[in-house]
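Annotated features, as they stand in Swiss-Prot:
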- E358: active site, proton donor (ACT_SITE)
- H389: active site (ACT_SITE)
- K515: active site (ACT_SITE)
- 527-554: region 'Disordered' (REGION)
- 527-540: compositional bias 'Polar residues' (COMPBIAS)
- 544-554: compositional bias 'Basic residues' (COMPBIAS)
Amino acid sequence: MTSEQSIPDITATPAWEALRKHHDQIGETHLRQIFADDPNRGHDLTVTVGDLYIDYSKHRITRDTISLLVDLARTANLEAHRDQMFAGAHINTSEDRAVLHTALRLPRDAELIVDGRNVVEDVHAVLDAMGDFTDRLRSGEWTGATGKRISTVVNIGIGGSDLGPVMVYQALRHYADAGISARFVSNVDPADLIATLADLDPATTLFIVASKTFSTLETLTNATAARRWLTDALGDAAVSQHFVAVSTNRRLVDDFGINTDNMFGFWDWVGGRYSVDSAIGLSVMAAIGREAFADFLSGFHIVDEHFRTAPLESNAPALLGLIGLWYSNFLGAQSRAVLPYSNDLARFAAYLQQLTMESNGKSTRADGTAVTTDTGEIYWGEPGTNGQHAFYQLLHQGTRLVPADFIGFSQPIDDLPTVEGTGSMHDLLMSNFFAQTQVLAFGKTAEEIAAEGTPAAVVPHKVMPGNRPSTSILANRLTPSVLGQLIALYEHQVFTEGVVWGIDSFDQWGVELGKTQAKALLPVITSDGSPQRQSDSSTDALVRRYRTQRGRTG
């Protein structure tokens, strides 16, 4: 498919109309009734993928809903689009690129020919180079300019070059075992870099500058400031031993002072938000080692193979993506809460925000025509139990429908006994997980509350309406492989929704104009003379006020 080819409007198909009529039929049927009518759904509406046990029974769907959603996916040719992606077809139509993040986790003996090259060989050549480098770093063979071993790596990137590594490093902190810690700088706000470097020793710090083009404004601004910090302490010659690059622009990397032997590349068929398992993950590999990083990749591949081969009726990413679409397009939900009951996954929701919102936040279909329905889910969330004391009130008793994903683990990485000595703190955490999904689904009626002797005036305030849907994802333990499985599970949900909506989930033109305008405004707010008048009165007034408060001519 190219962008010039017309895409059928999915909302004008019989499959869409069948779902609309089905919604009218089941209406606001409560999950209490749905479970009463189908008591085995808690066992039947589950799927196991790798180490992930996924329970989607607490959704406002029936078995007929699932059948109709699968019909919709087949009407949109989801399986054909999926096969094209895995084969390396240029499904990113607006940029005429293949979409091959799945190739980043193919085993070494696999073969995938794209544009005349076996990309698996290229992928593993980079992985081998990353492994050799991080082995030297972790063993102490690689030292800084003074001969001291490196103890801290600072990743400088933004967007996909930051959100993924930050999230994964925190999630897998227990696998960092070589005396190397990682820190991350992304924001061009100088407070980010200053706070990160405040207690570091230049002699034991290594910077990883992650920018495909090596021209990203925020990243290069931070990298230049970090280089100044280093050279002020150790001299210009130290740069080659304290900076490496993740980039494809050899000339600019060399101009910066980084030895191009220490440049780790990737490809234009890897989008930033899908790149944490590429060389962008170098900081993660430095911390956890090449073996654990290989386990991380193997987890992705497990779910990739499931998505590639499983029938849609039992295909976890496809089903969850279609259920998300059901809420977005037929029940009016605008967001999804991601609620990991693991503090190590504190950054998972932020990571998924870029994955889904940059991918599917589109109002134009791949053929250039306007979409005819809402697209894109707004992801947000915090770890349990923190969220319970912040925003769960709205989930339980508010007027907005917010489907939620609960993610938990049977075996904790850390645990402590409770004061009472019964069970452990992890057991307490997970009892909250199970309780919240149960109360969201089934609630508590006015009659039940009144029967407890609650004053009549208070009863309405304590009613828990229920009928609030959720997915429960349970794994044994948070390991590198399990984390890879979780990420791939959401990647393919995003793909599923994008195909049905007919959009290009792999471009991001919406971020470009703001960057261009920022470059144009920088000399306006910094020039010595009176600034050029802006095209609108609001921006003009803001610029002039800022200049005045900075001591420049208004």
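Just so you know, the numbers here start at 1 and follow the chain as drawn.
Just so it is clear, glycine is given a Cβ too, placed from its N, Cα and C backbone atoms.
These numbers come from a predicted model, not from an experiment.
The structure, with features from Swiss-Prot marked on it.
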residue : record                    : Cβ contacts under 8 Å, 6 or more apart
E358    : active site, proton donor : R273, Q508, V511
H389    : active site               : none
K515    : active site               : L217
Field: Beyond the flanks of the compositional bias 'Polar residues' (527-540) by 6 or more, those residues with Cβ under 8 Å of it
entry: 547, 552-554
Task: Go ahead and report the DSSP secondary structure tallies for the compositional bias 'Polar residues' (527-540): helix first, then strand, then coil.
output: 4 helix, 0 strand, 10 coil
Query: What are the helix, strand and coil residue counts for the compositional bias 'Basic residues' (544-554) according to DSSP?
result: 6 helix, 0 strand, 5 coil
